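Feature annotations, courtesy of TrEMBL:
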ACT_SITE  T167  active site, nucleophile
BINDING   R195, V196, G197, D198, T218, G219, H220, G221  substrate binding site
Amino acid sequence: MLPVLVVHGGAGHIPEERAERSTAGVCSAARAGYAVFQRGGSSMDAVVEAVTQLENNPSFNAGCGSVLNVKGEVEMDAIVMEGKTLASGAVCAVRNIANPVQLARLIMDKTSHACLTAEGANHFARLMGVPEVTQESLITEYSRMRWKKNLTPDANPVECQMGKMGTVGAVAVDSEGNVACATSTGGILNKMEGRVGDTPCIGCGGYADNQSGAVSTTGHGEAIMKVTLARHILFHMEQGQSAEAASDLGLAYMKSRVGGLGGVVTVDPQGNWAARFSSKQMSWAAVQKDTLHYGLYTGEHVTKSIAEPQ
Ligand SMILES: NC(=O)C[C@H](N)C(=O)O
């Protein structure tokens, strides 16, 4: 049933006091992305809109609200990919940009390259007239508090890491059967300067192919890269598995092979979709026809009419 859009707000352990905000954020981003279809937009337009909304929401680890690197700075990664032509665009370790997902799309649309990093990405942004924002405007009190906590000698960065994964992503298929994905992140807490995770790497943080479907991933980047999680899931779909079964197979493989936890949203070109995770939680939401679907805990799947107020 087309069109459909599915978003995630990151896999991990979401503290109880942040759960409501996280669910509200993914639901409103899914609604905003889906509204793009109603205005005649493509699946690429829809995923970029949904991820832009999540980047602008300080509750998530992307754009404003990104986690800080070891120096207390924001460096962000993002990717977009569309399934008709396999065109993609990505940015790595970019600073001072409010919406890295939009810059990734400009790289796909306006250059012959698939990925720009750091200063080169910022230089391209200037050429495209994308305004630079201050580091301060991307940093929340919460991310600064967690960064500081992790600098203390008794810090447990691994445990703290799970407190807020919060990478954001979306997949969609439009009424023409074109699939697309977008993923954006601040990376992992107190990462080394210049660390690039799975998100901007094609086949890891996302992949889209009209011949199988589209996937956006979240979780421990170094583990996701080892198993090229997004492409791995689409491989299973090419072998005849459903979006849900293929997502579970990919996540189970990552867990057993490299001990990594994470989550994914997946669609196929017919509009079948899945939101699956091996972490404790993942906030997710989907809109298809007149229905909004969402959840946060394993097995939780709430539905309501899209006409109901937010
Ligand atoms: N929260 C996340 O999903 C983190 C992201 N996958 C990274 O490792 O950069």
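Heads up, the Cβ atoms here are built off N, Cα and C, so glycines get one too.
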Least Cβ-crowded entry, counting other Cβ within 10 Å, from the binding-site residues listed as R195, H220: R195
At a 10 A cut-off on CB-CB distances, which of the recorded positions T167, T218 has the highest count? T167
CB < 6 Å to ligand 1, subset of binding-site residues R195, V196, D198, seq order -> D198
The number of other Cβ atoms within 10 Å of the Cβ of G221 (substrate binding site), counted over all protein chains shown, is 27
If one measures from the C-alpha of V196 (substrate binding site) to the C-alpha of T167 (active site, nucleophile), what distance in angstrom results, rounded to a whole number? 13
Surrounding CB atoms that lie within 10 Å of the CB of V196 (substrate binding site), all protein chains: 20
The one of G197, G219 whose CB sees the fewest other CB atoms within 10 Å, among these binding-site residues: G197
